[in-house]
Amino acid sequence: MTSSHLASAAHKNSKRQLTLKALARLLPFAKPALPRLIGGLIVGLGAALASLAIPLVLQWVIDGPLSSGDRSLIVWATLAVLGLGIAEAALVYFRRVLVLAPATEVEYAVRQSFTERLLRLPVAFHDRWQSGQLLSRMMQDISMIRRWLAFGSILLLINLATIVVGTALLFRWHWSLGVVFVVCSIPIWVVGFRFEQRYGTLSRSSQDQAGDLATSVEESVHGIRVLKAFGRGSHALNKFVKQAETLRDTELKKGYEVGLLWFWYDLVPVLALGLSLITGIWLVSHSELTVGELFAFFAMATALRWPMGSLGFLFSFLIDTRTATDRVFEVFDSRVVIRDPADPKTIEDPSGELAFRDVHFHYPDARDGDTDIINGFDLVVRPGETMALVGVTGSGKTTLTTLPTRLYDVTAGAVEIDGVDVRQLRLEELRSLIGVAFEEPVLFSSTVRENVLLGRDDFELHSAEADTVLREALEVAQASFVFDLPDGLDTAVGEEGLSLSGGQRQRLALARVVAAKPAILVLDDPLSALDVDTEALVEVALRRVLANTTALIVAHRPSTVALADRVAVMREGRIEAVGTHAELLRTSAHYRHLTVSIATEDRP
Ligand SMILES: Nc1ncnc2c1ncn2[C@@H]1O[C@H](COP(=O)(O)OP(=O)(O)OP(=O)(O)O)[C@@H](O)[C@H]1O
């Protein structure tokens, strides 16, 4: 999803929910931390009260001991002011200490759930979402939530409470002073309300655009070789610059809005102070106010400047956090459509029959009226049989390989293992029954050992059993090159490790699926990156494995087809013919045509 899609979705969303309601969704995560956060709030309120008490002491000093000349009381009053100042500083420190750890724990909990959710969400979700959008939510938005919980929310509540109590005290000294202050603060609320509306949209755009920018950087870094080889570095840079400029413009607009808000929030307290000065002097001259009260009033108005001035920053912080929360919950709200059944079945002793019964499938982005990509596919791969799947490019072979493990669910019909619909099995059981090797081999940033034994959590990584399985799998995949790597099986590979060739990566991916020892293997053109000699060696070894494993192998080369007992010919999403290579050569014109193109493709 790009920022424009996200912004329009967000716009609808923002109409539906109030900011507080949107933020309330964080409560389940914040619950364990709530007592300490509330503790921090109470301590913070104590600090605010200490600061508000200072003007009261000052009033008492001026009207009492100072006018009567009682020196000992003046000393006590000075000590009281000093004590209140120290108490305020100490309480502010304790507030910070109290809230720091719980807010970090909430950040950790949200981030953990977010990752868990990302891993559970179906492949269809990941097809739609740009990785940069997910990354920026995971890092930037969740960090903002922590900062808000630790400081923003608490400061906002403390400062609002300080303003309310402070204004009440102003009324206590003289109602007209209170009225001047309240009337002067009306523009603050009007400006604040308008700000929320305008800034909310800008905040959303900027956070989405930051996600787009992250996606661009990620794609450029990933595709750096292609960009360099095609001399398109400057093209990628231009794209980045355009996106960065859009983000900069949005940030500037945000800055302008915040600047305007700060202007009002700085101006209003000063105006209030000026007007109050005139009113106060008038009141003192008419003996309606004592000098001590006037002095205290100014001390109080000064004490209220920071809480009032800070509201601008805190409101923008509040809205940024609301946007961040919305963005995080958009991922939480995405439905995990592929999940365990309510009443799962189990296959005690799998024989490994894999059957496709009138399977239909289209991707979620298909339009009404589009023909299904898998369009009534019927095929039974018998237990222990190796079936090659051939078809022209785009006929739906790769798509079909994603259905048995439920990376996508069929849209009609069923995929069955030993007569049980795969949707009736728990996902963990299903995925232990079927092993898949994709055409594009993906290695994780970890050691060779961890990569190859990814599908095995039934033994310790460094146990003797693990070693045996690992060595067998590496032998089948002809991946003994790993023993010559700097740290052998413990060499780090993947993005952060040693760079391997395409063929080496493919062999490790094949070793991974062999090591998983599933009852059924689904291999999507697993030998495409191997040279002819290595391929021949892998085939000999693979034949041993395939002798008692059911296998469905997408094949683009005659050598891969040769591994199979039977061949299924796929055309426009359905089966055109099934038989042995010899039978098909006799009976299927399409297969003969394919064989010619396959053989041509295979020529060096
Ligand atoms: N994630 C996706 N979302 C939408 N459409 C897709 C997706 N993946 C593939 N398709 C479409 O599905 C059709 C079948 O693609 P598929 O990769 O299954 O074909 P294939 O037979 O494996 O091709 P090849 O032999 O080139 O690998 C294509 O038209 C492709 O554009």
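Placement of Cβ uses the backbone N, Cα and C atoms for every residue, glycine included.
What TrEMBL annotates here:
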type	residues	note
DOMAIN	38-320	domain 'ABC transmembrane type-1'
DOMAIN	354-597	domain 'ABC transporter'
TRANSMEM	37-62	transmembrane segment
TRANSMEM	74-94	transmembrane segment
TRANSMEM	148-171	transmembrane segment
TRANSMEM	177-195	transmembrane segment
TRANSMEM	262-283	transmembrane segment
TRANSMEM	295-319	transmembrane segment
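Here the transmembrane segment (295-319) touches the transmembrane segment (148-171). Their Cβ atoms form 3 or more pairs under 8 Å, with each pair 6 or more residues apart. Most Cβ pairs under 8 Å to the transmembrane segment (37-62), among the stretches 74-94, 148-171, 177-195, 262-283, belong to 74-94. Across the domain 'ABC transporter' (354-597), mean pLDDT in this model comes to 87. Here the transmembrane segment (177-195) has long-range neighbours at 163, 167-168, 170-171, 257, 260-261, 264-265, 268-269, 271-272, 275-276, 279-280, 283, 289, 297, 301, 308, 311-312, 315-316, meaning same-chain residues at least 6 beyond its ends whose C-beta is under 8 angstroms from one of its own. With a cut-off of 8 Å between Cβ atoms, the residues of this chain six or more beyond the transmembrane segment (148-171) that come close are 26, 30, 33, 37, 40-41, 44-45, 47-49, 51-52, 55-56, 95, 99-100, 102-104, 106, 177-179, 181-182, 185, 297, 300-301, 303-304, 306-308, 310-311, 314, 317-318, 321, 324.
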